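A.B. asks: Have a look at this one before I ask anything.
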Amino acid sequence: MASSAGDEKNVNPVLRISQLDALELNKALEQLVWSQFTSCFHGFKPGVLTHFEPEVKAFLSLILWRFTVYSKNATVGQAILNIQYKNNLSQTEKYQPLSKHQKLWYLIFTVGGRWLEERCYDLFSNRQQQSFCKIKSYISFGAGLLKLCGLLNFLIFLRKGTFATLTERILGIRSVFCKPQSVRQVGFEYMNRELLWHGFAEFLIYLLPLINVHKLKLKITSWCLPIEGISSSENTLAGHSKECSLCGEWPTMPHTIGCPHVFCYYCIKSSYLFDMYFTCPKCGSEVHTLQPLKYKIEMTELH
């Protein structure tokens, strides 16, 4: 960790996008830890953690702080991106880790501030006394002022790229690279594979809605099943067609489309509305006329 960090000109500047990525990784880690922790209580009564949620979140954040900022001078997101915190208040040109006071104040501002905001909201949300209302208004005003200061700090960060958060600016800590950044050797084989895969995926996403899967399935079914002979009489049709050619059940309100097969009215109607070029799955005949059968199929014919 001998990277020079005293003077801004001698410090390897950290890209703004890298600092923002580190913050997003920290948030994702906190959400992941919280979701894994709450999954342990799925078998308990709902709302077990509701009354103690701010304290539990603060305790989990305290554990993360102990094994990241306190021991390694870097958050998890910064460690992944080869970044760590530097004591920007030091006057030396060598790297200076954070002091214990800076680490403790970092804990108070991040974990303690979040816990105070959540707990105060719960304490004063149901109180109607005038004194509690005043305290709640003061806390709301202070939180709004801090958010405004955070917005101004973010605008300055976009301009200069030094302190990503208001806490870093107040404590005088900034992000630097753990090791000097070398020239990146980019392997284009991996990038080509990714580009080809994404292009193929986009092509499939565009092509799949154009394929009539239902019609294709019926066509394959008609090829696999033997073609039944055509009967000339509707009596024969009513006597031999005791099941719907689509659902395989006893035909409800039996209808025909001009071929010797019977369909439920709702089956054939929905299929025809879905596909105007619907064909019979057994003989491949197109829909000429949708007509009800003149002869009623009796349930006794099943025996």
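Each Cβ is built from the backbone N, Cα and C atoms, and glycine gets one as well.
Pasting the feature list from TrEMBL:
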type: TRANSMEM; residues: 137-158; note: transmembrane segment
type: TRANSMEM; residues: 195-213; note: transmembrane segment
type: DOMAIN; residues: 244-283; note: domain 'RING-type'
A.B. asks: Under DSSP, the domain 'RING-type' (244-283) has how many residues in helix, strand and coil?
C.D. replies: 10 helix, 4 strand, 26 coil
A.B. asks: Mean pLDDT across the domain 'RING-type' (244-283), rounded to an integer, is what?
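C.D. replies: On average, pLDDT over the domain 'RING-type' (244-283) sits at 79.
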